[in-house]
Amino acid sequence: MEAIKFQNTVHHDRILIVFIFLFVDLSLCSPSQTQGELPYMTSDVKEVAGNSFDYIVVGGGTAGCPLAATLSEKFSVLLIERGGSPYGNPWVMEKRYYGFSLIQTDEFSSVAQDFKSGDGVRNCRGRVLGGSSAINGGFYSRASEDFIDQVGWDKELVKDAYTWVESKIVSIPELTPWQTVVEFGLLEAGILPYNGYSLEHIEGTKIGGSIFDVWGIRHTSADLLKAANPKNIVVVLNATVKNIIFEGNGNATETTVKGIMFIKSDGTTDQTYEAYLNQPKNCTSNGDVILSAGALGSPQILLSSGIGHREHFKKFNIPHVLNLKGVGKKMKDNPSIAVFVDTNPQNRLPDPPQVSGIAKDLKFIIEGGIIPTGFNATRMPIAAKIAFPVSEGELKLSSTDPRQNPSVKFNYLADENDLDDCANMVHLLERVAKSESIAFYLGVKPQNNLMTSTDGQRKFCKANVRTYYHYHGGCTVGSVVDNDYKVYGVKGLRVVDGSTFLESPGTNPMATLLMLGRYQGVKILREREHV
């Protein structure tokens, strides 16, 4: 009876929220339309080759776009992206094609690039302006207060940066029928309290923000370039950075960055081009090359440039520049388990997550969606991840071709603590997946045959571990970069992206990476004001 009373109460609250949403002006639920136009973009690398800029941002992804837009307010910026434009591509821009970009990939030009870790787990990375914000589920949720305290960020500036992003690309989602059912399933499994719509990372069940607007259009980080000063920024697409160029003065006491060397993404590695940092006279503070190429791309570029452990470069004949042993280390990916609640593929409309269950002191994150397994087939997984894995791995070069994936192994569940957590997570995941709410929606009988053996759960975890696509590390703060994201021992080089994280913030890192790009851009502008 108590369970029935509880469900009725939640049901009443849900109806009330839906009722309120119906009377909200839809313009309030969608990003601001007062932004400017996109800056100049080109795929002709010769237009920028040989030119100099105050800042060169490598990677037009989740962090790189807001960073470049912010820096352009006062300085000239080159934003270089290895992929093409997301605009006009329905697989990127339209919610009804969510997940399609992940099922058809190729070696050099698809918007998602496949890679398989040394663990044998398939994964992918964004290869398009907007980065992974152009191929993900669009769920937007901030980092926890504890995370912000741990990294030592300025809380007021963090709040301002989040707000800046949210005013431009984040919407309040209107729950689909399946997301409402998932919401009830989470509550039925005891993931409480019910927090309604919230951008905060808090215990319980909540509706998050979305970068899909109410018309089903995705707003990637590329949209933030509309806030850039168009006179100060150039975006070059389909150009892949091969390595960083350093000053040739061998007598210098500090390694100094001069610029970047890059190739056409569909060209050859032998035909290279260069772009440089401005060298203003009578100025003690120059600009930077800033790597925002992601947890695989940024450490790969550092290693390709001779920055990393000395032993790593011998087989590739790369001149060693700096013995920074942390490059490529502390690679982590959140172990995930997914169960399908449907029995067979069907031709349902894809449905990205809009609701999240956050449990066990923020340790477990559970969401559900509908994902395509082919162009005419979808499945309905409920998936969970461990938020704070102990196990970590390493990234190494596999080739000197910058378009090829580096070699990475995450060592999923190698630590016994992770395996124990996974066993506990599976028990909770099953309670959601086999809830009465989900069974009723699917028209099947509720199942009570939960896996009760811890040993069985541990074996299930080892056999079925997968990615949640939230891999991070490789250029971590305190190991490769300092608290200002400057690479140790190098003048004019920073890294600003998920490779700097020791853990993945919030339900997923997208919101915090968007914020970080804006945050670091504002900090750099303020620093230059006082020079």
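Just so you know, glycine gets a Cβ as well, placed from its N, Cα and C.
Unlike curated records, TrEMBL annotations are generated automatically.
Candidates considered were Cys422, Cys475; TrEMBL assigns the disulfide partner of Cys461 as Cys422. Summed and averaged per residue, pLDDT over the domain 'Glucose-methanol-choline oxidoreductase N-terminal' (294-308) gives 98. Around the Cβ of Val241 (FAD binding site), the same chain contributes Val58, Ile80, Arg82, Ile260, Met261, Phe262, Ala293, Ile301, Pro402, each under 8 angstroms and 6 or more positions distant in sequence.
The CA atom of Val128 (FAD binding site) is located 20 Å away from the CA atom of Tyr468 (substrate binding site).
Tyr468 (substrate binding site) and Cys422 (disulfide bond) have their C-alpha atoms 14 Å apart, to the nearest angstrom.
Across the annotated binding residues for FAD (Val128, Val241, Gly498), the two most widely spaced Cα atoms sit 18 Å apart.
Mapped onto DSSP classes, the domain 'Glucose-methanol-choline oxidoreductase N-terminal' (126-149) shows 9 helix, 4 strand, 11 coil. The 10 Å shell around the Cβ of Gly498 (FAD binding site) contains 29 further Cβ atoms across the protein chains shown.
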